[in-house]
Amino acid sequence: MADIIIKNAYILTMDPDREDIENGVVVIEDGKIKEIGKSTESKADKEIDAGGNVVMPGLVNTHCHAGMTLFRGYADDMPLQDWLENHIWPAEAKVSDEDIYIGTQLACLEMIRSGTTAFADMYIHMDKVAQAVDESGIRAALSYGMIDFGDKEKADVELEEGSRFVREWNGKADGRITTMYGPHAPNTCSRDFLIRVKEQAVKDNVRIHIHVLETEAELNYMKEQFGVCSIHFLKDIDFWGDDVLAAHCIWLSDGDIKILAEHGVNISHNVTSNMKLASGIAPVAKLLAVGANVSLGTDGCASNNNLDMFEEMKTAALLQKVSIMDPTVLPARQVLEMATVNGAKALGIKSGMIKEEYNADLIIVDMNKPHLTPAYDIASHMVYAANGRDVKTTIVNGKILMENYEVRCLDEQSIIEKMKKTSKDLVSRINS
Ligand SMILES: C[C@H]1O[C@@H](n2cnc3c(N)ncnc32)[C@H](O)[C@@H]1O
Ligand SMILES: [Zn+2]
């Protein structure tokens with residue numbers, strides 16, 4: 001007996017070896033996709049009639065600071081350095097475990113509602129992040145954001161905390177939680193620290209999540225300090241590999257692009273955040289052209305200001321087209337691939353396709369909407385016309401987290417109320 005059968009579905013498989021299936025079925029058992037096709041002999045405890053709507057892999061958000069829902073709209077319209085150093089970091093110094101817990105609950109709620117089934121996070125108070133992820137039912141690759149600023153003692157403390165978190169949570173929540181090391185960036189972490197982090201990550205057999213070349217200021221700083229850009233600097237210490245997830249990657253030369261592709265580095269393109277902070281335009285079309293694995297991420301809610309991966313897909317496509325004046329780059333299918341297949345690869349999870357033996361991480365998108373009518377090309381609609389609020393049902397690891405717009409596991413109204421109260425307390429704490 002299977003657990004769930006979804007019938008009458010337009011299956012956007014995202015499997016390069018399999019075309020979309022109209023009027024198809026998806027059979028789910030033990031957290032995995034057991035069968036897909038035109039029909040099935042299987043029986044299940046639960047049947048879902050998709051009513052001809054789209055069934056597709058859940059979206060994978062590969063760069064987030066989930067707890068930063070706390071700071072949604074808190075400090076807008078300023079450049080990155082000012083934003084981080086004078087607003088975000090002083091505020092983060094005053095947040096509690098409980099603040100991060102509620103912030104992450106709200107983020108999980110928002111992601112489940114808008115069709116994200118897995119995300120990569122780098123933040124603080126990570127035990128509370130992991131607890132919120134565990135309880136929500138979503139999947140995540142979590143890391144404690146480590147910064148040493150060249151201070152040897154701080155480096156020891158940060159690495160110890162990063163390692164403790166990695167060991168304590170890897171594989172938890174029925175395997176939905178995996179862990180990574182999260183050195184913040186090459187201009188906030190020392191060379192020696194980055195070398196130690198890489199060694200430890202290899203030893204622990206986990207991945208690394210880092211910000212790279214988000215700003216021109218980082219590029220200039222690295223050139224002044226080390227005579228090379230961050231990409232060459234990290235190459236020289238043997239940091240690069242397919243175990244690395246590098247966020248932003250904006251200020252790249254053609255040579256840098258080659259290095260990232262050759263080392264199989266996973267890149268998270270964070271287009272909305274990069275536009276909002278005016279950090280720059282990442283050379284995504286060039287990266288994809290040389291075979292680099294480029295995925296999409298929202299970054300935190302203080303620089304986006306939401307976690308809607310549908311918006312991220314559309315914005316990524318549009319910005320790249322206009323920035324190089326070529327409407328043929330980043331066509332809809334490729335952008336969908338970035339948000340699903342490439343994202344799953346970046347996190348090292350067997351998700352991102354509707355395919356036998358893959359994790360049952362999938363969503364149903366409600367096509368019975370004015371802005372999705374008519375529907376000539378489903379992939380086009382998912383990228384250019386739909387948004388997160390069109391997601392009707394979300395399934396992660398074979399469990400229904402939202403059905404017919406109703407979220408389970410999380411108490412939506414109580415989380416919203418708690419966040420309203422928390423934000424008021426937090427602002428008075430920050431200002432005191
Ligand atoms: C993990 C750390 O990263 C910070 N953080 C959040 N957004 C960005 C960004 N766009 N660039 C660099 N750091 C960021 C968080 O505020 C936290 O301090
Ligand atoms: Zn970030």
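Using the three backbone atoms N, Cα and C, a Cβ is placed for every residue, glycine included.
Per TrEMBL, the feature domain 'Amidohydrolase-related' maps to 54-401.
The Cβ neighbour count for HIS63 (Zn(2+) binding site), using a 10 Å radius over every protein chain in view, is 27. As annotated by TrEMBL, Zn(2+) binding site applies to HIS63, HIS65, HIS211, ASP299.
Sequence-distant neighbours of ASP299 (Zn(2+) binding site) (same chain, six or more apart, CB under 8 Å from its CB) are HIS63, CYS64, HIS65, ALA247, ASN270, THR272, SER273, listed in sequence order. Feature annotation from TrEMBL assigns substrate binding site to GLU92, HIS184, GLU214, ASP299.
The Cβ neighbour count for HIS65 (Zn(2+) binding site), using a 10 Å radius and every protein chain shown, is 25. In this structure, the binding-site residues HIS184, HIS211 were compared by how many other Cβ atoms lie within 10 Å of their Cβ, and the smallest count belongs to HIS184. A count of other CB atoms within 10 A of each Cβ picks out GLU214 as the most crowded of the binding-site residues GLU92, GLU214.
Cα of HIS184 (substrate binding site) to Cα of HIS211 (Zn(2+) binding site): a span of 6 Å. Taken residue by residue with DSSP, GLU92 (substrate binding site) is part of a helix.
If you compare every pair of Cα atoms in GLU92, HIS184, GLU214, ASP299, the residues listed for substrate, the longest distance is 20 angstrom.
Following the DSSP three-state reduction, the secondary structure of HIS211 (Zn(2+) binding site) is strand.
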